[in-house]
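What follows is a short report on a single structure.
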Amino acid sequence: MNTEIQTVAALGECIQRATSESIPNGEIDLALALDVSDAVRSRRLGARDSMRALKKRVLQTKSNPNTQLAAWRLVEVCVKNGGTHFLKEVCSREFMDCMEHVAAQEKTVDNEDLVQLCRRIIFELYTAFKNDSQLSYVSQVHQRLQARGVEFPQAAPGYLVNTMAMFDSKAPADWVDSDACMICSNAFTFLNRKHHCRSCGGIFCNEHSSHQLPLPEMGITEPVRVCDNCYDEYEIKKHSSRRLRRQSQRRARPKAEREDEDDDLRRAIELSLRESKTQDNLVPTVTRLENSDATKDDEDPEFLAAVQASLREHQLEQERQAAAAAAAAKHPSQPERAVQLPSLMDSRQAPVAQQRYSTLTNQEEDDIYLFANLVEKMKGQPMNAVLEDTQLQMLYQKVLGTRPRLNHSLNDTFHKYNTLVDMNAKISDIMSIYDTMLERQLRNINLSQQYSMPHLPSDPYTYQMHRQPESSPANTVPYEKTQPEPTYRSYARSSSNAAELTPAILHTTQSSPMENRQSQSVTGFEPQVSEPDIKKTLLSSPSEPLYPPEESIPDKEKEAQVPITQFEFPSVPAQKIKMATPQNERVTEDAGTTPQEETLLIEL
């Protein structure tokens, strides 16, 4: 941008000088007109202020048709180079009404060019922006003029495309606001200040917007602040333009010189192929190189190193073959060994050759990555730059040669992957089967341990322990100390019953401790089926529970004396029976009972 146009007043002065009366035939000063359009496009001045400055100059020059024609020509230059923000102001009612008034005039000898120019500007704006809702007022003006019978120029078949490109001028983007940098996302603070990129309009921190570049395509000729992304794009375009310039210089060389170089290169290739034909009996095809104008500076050093390495390998192979042939000629008496030696060498070299075929070298991998990067960078380049880039074509040929090996390596990798997947599935199945077998084995071990443990009989009358000798003091003495023999008293009315019950009770009290003691011994346990007589005797005689606790001994004695409680007491009058109190918890008789019966009740 011109440094003189910094204010609206400076813009007005520049507009007056660009449309000066001293310029004949309504022409304008093109340099000043471009400065005005750059000032409008660079957004240094407001779009509305710029529009009003142009309108002011148009209204001032009504009396002079040549000056007014120059003013409208300056308006046309600014409209086509001012950017979208300026087009919105030009297509507003404030400016379009003035243009409609001029276009609606009848053509005369003096104003024919002026009226034709205004009509053409309106028609171009209508054709380009008739579907734009923000610039809809242009369509209204066009319809009103058509209703008045104004004739507009006829549109050619490709006129719409050309018109759209005519108003497509790049302008600085609108500034956006944010609380953090759009690259590093660091929040803005008092120290970390925000800066706007003059190219893309984004907001960035000082670290990512420290570059300064002029933006002539946006009307900014002095260096301004740009972000890192815009700076990288500028550098890429700069390097690509240099490469295109070198290529154009090479194409500008004399045609005879290029043909001489092609002939020399073709002659050298033919000589090298003739030498290789005499050695290896190979007949390669010779093709004419179309892009042979590449200079030594453009050759890839990595490619040259790879070619030299392949030539050295070929030479070593020829030397080995020559040595083998000389050894075979020197020892003709050993034909079998001479025949077996190449086969052994071939068998050793077969895996190496297969490995070389299925794998890529580091140089080939670098070539593939370099080719991919170049293709990615040349997406935005024109088609001529892609076709004329010799380095890209050389890399394409080299990468194309590695395609079979890439496919072979990819298939091999897929095969290995599928094999590993199958092996993983088999291992999973085997592990599940092994876990099942292990659980079954552990379950069998637990069951066998449970079945091997001795169990006491649940029915004491079904099995009988082997009795120990009755003379053993360990079975009789402890019970005699802890369980004294109970004494039973006879009564007058039930002496016979007591006499019958006493032997059974004594037998039960003597045999129960022995049986209880024998039931505790685990070793030597041999269950036997008891005899029917013993079973009937045991069932008919009352028995005590095994090893009764001390607190339950009185209850057991009561159970043993149950037959005594069946003594028939004499009947007494019913009206003298009384209920016992809660403290006694039993029924008592009236005072008419005898002292002997009271004593008997107390003993019970």
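Quick reminder: no glycine exception, Cβ is built from N, Cα and C everywhere.
Region 'Disordered' is the annotation Swiss-Prot gives to one range among 6-27, 138-159, 314-335, 336-357, and that range is 314-335. If you compare Cα positions, C184 (Zn(2+) 1 binding site) sits closest to C227 out of the binding-site residues C197, C200, C227, C230. Neighbour counts were taken at the CB atom with a 10 A radius for the binding-site residues C181, C200, C230; the maximum falls on C181. Sequence-ordered, the extra residues of this chain that approach the Zn(2+) 1 site, with Cβ no more than 8 Å from the Cβ center of C181, C184, C205, H208, are A180, M182, I183, S185, N186, F204, N206, E207, S209. The shortest Cα-Cα distance from C230 (Zn(2+) 2 binding site) to any of the binding-site residues (C181, C205, H208) is found for H208.
Non-local neighbourhood of C227 (Zn(2+) 2 binding site): M182, I183, C197, S199, C200, G202, F204, H208, S209, H211, each in the same chain, at least six residues away, with C-beta under 8 Å from its C-beta. In this structure, C184 is the one among the binding-site residues C184, C197, C205 with the smallest number of other Cβ atoms inside 10 Å of its Cβ. In this view, H208 (Zn(2+) 1 binding site) is surrounded by 19 other Cβ atoms within 10 Å of its Cβ, with every protein chain counted. Per DSSP, the secondary structure of the domain 'VHS' (20-153) breaks down as 96 helix, 0 strand, 38 coil.
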